[in-house]
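As given in Swiss-Prot:
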type	residues	note
BINDING	170, 171, 172, 173, 174, 175, 176, 177	ATP binding site
SITE	363	site 'Required for activity'
């Protein structure tokens with residue numbers, strides 16, 4: 001066999017001509033320590049704060065959280081068990097984004113926007129940064145449209161407007177999540193898209209909640225973001241920002257959205273865990289110094305945009321769990337000072353059967369009053385006064401043996417109004433029904449009934465108005481006011497109904 005040098009030269013020449021010079025420059029580092037959802041890496045000299053990085057061997061994503069002189073502290077978004085010392089980390093040159101848009105409606109996702117409901121992949125056309133700057137004063141307009149929760153005591157006394165931040169605060173098992181879920185259910189047909197963010201909750205509780213929303217037909221306009229108790233602290237920390245970004249898609253497209261953060265106490269605990277593991281200096285209650293900013297930058301993203309900028313709104317309902325009724329602890333006081341009011345739920349009221357267990361004295365809405373419809377304003381004004389007087393007299397009446405008729409009348413009215421404030425879970429009411437029922441309460445139509453019959457009276461009155469006097473409810477809904485004519489019709493209808501009710505059920 002003879003070797004032909006000419007052929008070898010030809011082959012070499014063709015190979016050299018076809019060679020493309022490619023230099024792949026990547027900023028990489030090496031893992032020097034890993035554990036508890038945190039990794040430290042050497043190298044990555046040009047990485048930016050909050051930039052995403054990838055652990056090459058496992059494909060796991062992390063976020064550069066601490067930039068120190070000789071290493072980078074990374075929070076790991078996912079399972080860190082496969083990551084080992086000496087593994088390579090590379091920069092992704094982008095900050096964290098999540099899929100947004102209508103493709104996420106009806107889905108249950110994790111904080112990275114990946115589906116966890118087994119219904120296949122999500123075809124999102126758009127992505128949004130998880131951390132963005134809140135809209136400035138110039139882009140906003142005052143809150144002027146109501147967000148109806150369907151809960152009488154809230155819509156009448158602590159009204160919420162679209163674009164408001166209203167805190168729901170109370171001990172464990174006092175019905176905080178129930179208020180949030182009823183609010184979501186009540187948005188059906190009202191053009192409000194909802195995002196429910198579960199932070200550090202039991203997966204079984206979230207599954208139960210999702211099935212309730214499906215039953216009520218509310219998942220059609222709702223996205224559920226879950227960072228359960230089984231997920232690591234990094235995912236729990238990211239969750240509310242991811243949920244907010246999903247809600248902001250609707251805000252900046254001129255639509256209305258509602259985001260519920262359940263709950264921010266566990267969020268603060270997750271952030272404290274990350275900060276302590278990264279050796280950031282602890283402050284009060286071992287929380288880091290910037291824990292106020294942690295929540296303020298999240299809640300400031302809720303807004304009502306001016307018409308020039310689309311006129312969308314993002315309403316936030318953060319939830320805080322207190323320990324033994326202590327609303328003066330660090331995180332509760334922080335969030336109270338950030339939000340535009342709070343709904344305070346009290347265990348003693350809850351166990352006494354007053355549900356929703358809202359303490360009217362400690363609850364307040366700082367901007368929602370401007371958003372109330374005129375009809376509700378008319379009935380809520382005297383309702384507030386009647387209940388305040390009743391609560392004042394109630395304590396006094398326990399010690400007094402004989403009461404003058406005026407005091408006795410106020411106590412009688414107050415007891416019936418408090419009974420009227422009770423409401424079943426998963427049964428939100430339309431605002432026109434609330435107006436009719438409260439009108440009957442404040443005008444003394446319940447005063448001569450037994451307290452036990454108040455709820456029955458309410459139920460039958462709504463049925464009567466829907467069946468026989470639907471034009472009254474329609475007028476209140478359309479005019480959003482209680483004109484003299486409508487009021488006269490409502491008065492006559494209640495009187496007619498009451499005489500029938502007393503005949504059948506007695507007083």
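Including glycine, each Cβ sits where the backbone N, Cα and C put it.
Compute the center of the Cβ atoms of 170, 171, 172, 173, 174, 175, 176, 177, which mark the site for ATP; besides them, the chain residues with Cβ within 8 Å of that center are 321, 345, 347, 350. In the three-state DSSP assignment, the secondary structure recorded for residue 171 (ATP binding site) is coil. Annotation note: residue 363 (site 'Required for activity') sits in a coil segment as assigned by DSSP. On the backbone, the CA of residue 363 (site 'Required for activity') and the CA of residue 171 (ATP binding site) stand 15 Å apart. Counted within 10 Å of its Cβ, the other Cβ atoms near residue 174 (ATP binding site) come to 26, all protein chains included. Note on the binding-site residues 172, 176: the fewest other CB atoms within 10 A surround the CB of 172. Sequence-distant contacts of residue 171 (ATP binding site), defined as residues of its own chain at least six apart whose C-beta falls under 8 angstroms from its C-beta, comprise 321, 322, 323, 324, 325, 345, 347.
All protein chains shown were included, and the count of other CB atoms within 10 Å of the CB of residue 173 (ATP binding site) stands at 12. Within the same chain, the residues at least 6 positions away from residue 177 (ATP binding site) whose Cβ sits under 8 Å from its Cβ are 209, 262, 319, listed in sequence order.
Counting other CB atoms no more than 10 Å from each candidate's CB, the binding-site residues 170, 175 peak at 170.
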